[in-house]
Every structure is written in C-alpha cells, then in structure tokens.
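Positions annotated as ATP binding site by Swiss-Prot, on the basis of sequence analysis: PRO86, LEU87, LYS88, SER89, GLY90, LEU91, SER92, SER93, SER94, SER95, ALA96.
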Amino acid sequence: MRCSAISPGSGTIINAISTGKGSAFGIDLKIKANVELKNDGKSKINGILLDNPSLKPNLVERCVKNVLEHFEVDYSAKISTSSELPLKSGLSSSSAASNAAVLATFGALGEKIDSELILDLAIKSSFEEQLTITGAYDDATASYFGGITVCNNLERKILKKDVFKEELDVIILMPNFKKNLNVKRMKLISDYVELAFEKCMNADYYKALFLNGILYSSALNFPSYISVDALEAGAVTAGLSGTGPSYIALSYQENTEKVKNAFKKYGTVIISKPDNFGSKIIY
C-alpha cells in the first residue's frame with residue numbers, strides 16, 4: 001500500500017493572526033510526501049525529511065498517525081518528504097507538508113478523497129505539533145486547492161476563491177532575519193489589518209497584500225522599505241509573507257529581473273509562479 005502526493009506552498013495576502021481572517025495564494029514550490037503502509041498490527045510510524053534528515057519528522061508522522069487513527073487501522077507506516085520550500089520562512093511549508101502527508105496516506109489506504117476531512121486532519125496535526133496560532137486555514141486551503149482563498153480561519157470557512165487574472169511571476173526573498181512571533185504586537189494592528197482585508201474581499205489583492213505587509217513588517221520589526229524597493233523596481237505588489245522572514249513580490253515577466261535585483265541585496269531570491277492546481281496524488 002503506497003502513495004505519493006504533492007502540495008504547493010503559499011504566499012500571504014492577509015495574515016490571519018491579527019483578526020482571525022486571512023487570505024493566501026498557492027505558489028508553485030511543492031512538498032512531496034511518499035507513504036508506505038504495512039498491515040502488521042504494530043502502529044509503528046517512521047518518517048524522514050529527505051532534504052533535512054537531521055530534523056525531526058514529527059509533523060508528518062503525526063499526520064499519518066491521525067489518518068490511521070481516524071480510519072481505525074493499526075498499520076505501520078513509513079513516510080518520507082522532499083521539499084522545494086524553505087522551512088520556517090513564511091511560505092506555508094507546514095501546511096504543504098501536512099496536506100501532502102495526509103493526502104498520501106488517504107491514497108495509500110485507498111480511501112475516498114474528502115477535502116474537508118483531509119484539511120481538518122492536516123490542521124489538527126499542525127495544532128498538535130504547536131506549529132500554528134490560528135489553524136492557518138487560509139494557508140492550508142490555498143495549498144490544498146491552489147489559487148487564492150479568502151477565509152475565516154476561526155470558523156474554518158472559505159469566504160471566497162479566486163485566481164490572479166494576469167500572468168505573474170512570484171519573486172521570493174529569503175533574508176537572513178530572525179523570525180519574530182510577537183502575537184501581542186500583531187493583535188494591536190487588527191483594526192488596520194481589517195481595512196486591508198476589506199480590499200481583499202473586494203478582489204483588490206495587490207493593495208491588500210502590500211498593506212498587510214507594511215502593517216505586519218512594522219509590528220514584527222522587519223524593514224518595510226524592502227517592499228517599497230520592489231515596487232520601485234516594477235513589482236505590482238510586495239509584502240511580508242506570513243510572519244516572515246520571507247518577502248514576496250508579484251511582477252509581470254518583463255520586470256521580474258529588476259525586482260529580483262532589488263531583492264537580492266537583502267538575501268537569497270527564488271523565482272516562481274502562482275499555483276492554481278493545488279494538492280494532488282501523483283501515484
């Protein structure tokens with residue numbers, strides 16, 4: 001009983017920590033999970049992160065465990081993951097890993113694909129591993145379905161789905177900044193994040209992303225001028241992704257190299273595309 005699945009990461013349009021409502025979009029950088037099950041009655045689960053074998057695979061092991069417990073089977077399992085996403089960077093690597101792990105386990109069991117249940121089990125696993133504050137329903141759904149999702153994270157409801165109407169590149173900056181999770185400061189800006197969220201509900205995603213980035217970078221002591229540098233170089237929008245430290249910019253292809261050059265003085269730059277396809281079983 002084997003299966004492999006892939007899930008893309010996501011970029012932030014609105015970070016949900018401040019208000020409980022958020023939005024994200026799929027990015028074409030994926031995590032692949034390979035699951036092999038054995039009907040031996042031992043319930044032994046072993047995982048490995050192939051790109052970072054020294055790191056503990058607790059999240060993906062937890063995902064497999066929760067799926068097997070849900071279906072009340074005592075199989076043993078092996079799970080391995082490989083990733084195009086940098087870890088702990090604000091690009092939803094945890095959501096992508098949990099989605100891929102849960103989906104691959106469903107596939108290995110031969111169970112019917114139930115999107116709501118898959119998302120619930122993936123988010124449950126992230127909560128149990130203390131990797132999320134709000135449940136990250138916006139990140140999880142953008143990774144699972146692809147495209148743009150706008151969500152009430154607290155109620156686990158998708159308020160709207162969309163895609164970018166234009167052909168865009170995603171330019172990702174990974175600066176050497178220390179991550180900062182000051183929830184109290186993020187809550188202080190909730191009234192202003194609400195204004196950015198209204199832009200998002202009105203499909204003004206570029207303005208929403210930029211405003212959100214300025215607000216959260218200020219609250220978390222990341223430089224906001226990096227986003228302005230990207231705009232100056234021709235990006236249609238730019239901002240902090242998640243709680244950082246990564247920044248994302250969206251650009252038409254003719255300006256991508258200029259935006260990349262504006263970003264690269266601050267750290268490593270990756271060029272990607274929006275992902276509108278989401279998670280899927282590949283074999």
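Cβ atoms here come from the backbone N, Cα and C positions, even for glycine.
This view paints the features noted in Swiss-Prot onto the structure.
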residue : record           : Cβ contacts under 8 Å, 6 or more apart
PRO86   : ATP binding site : SER93, MET174, SER246
LYS88   : ATP binding site : LYS179
GLY90   : ATP binding site : THR12, LEU240, SER241, GLY242, THR243, GLY244, PRO245, SER246
SER92   : ATP binding site : GLY9, SER10, GLY11, ALA24, LEU85, ALA136, ASP139, ALA140, ALA142, SER143, GLY242
SER94   : ATP binding site : LEU59, SER126, LEU131, THR132, ALA136
ALA96   : ATP binding site : SER7, PRO8, GLY9, SER10, LYS30, ILE31, SER83, LEU85, SER143
Excluding PRO86, LEU87, LYS88, SER89, GLY90, LEU91, SER92, SER93, SER94, SER95, ALA96, please set out which residues of the same chain place their CB within 8 Å of the center of the CB atoms of the ATP site, keeping sequence order.
GLY9, LEU85, GLY242
Per DSSP, three-state class assigned to ALA96 (ATP binding site):
helix
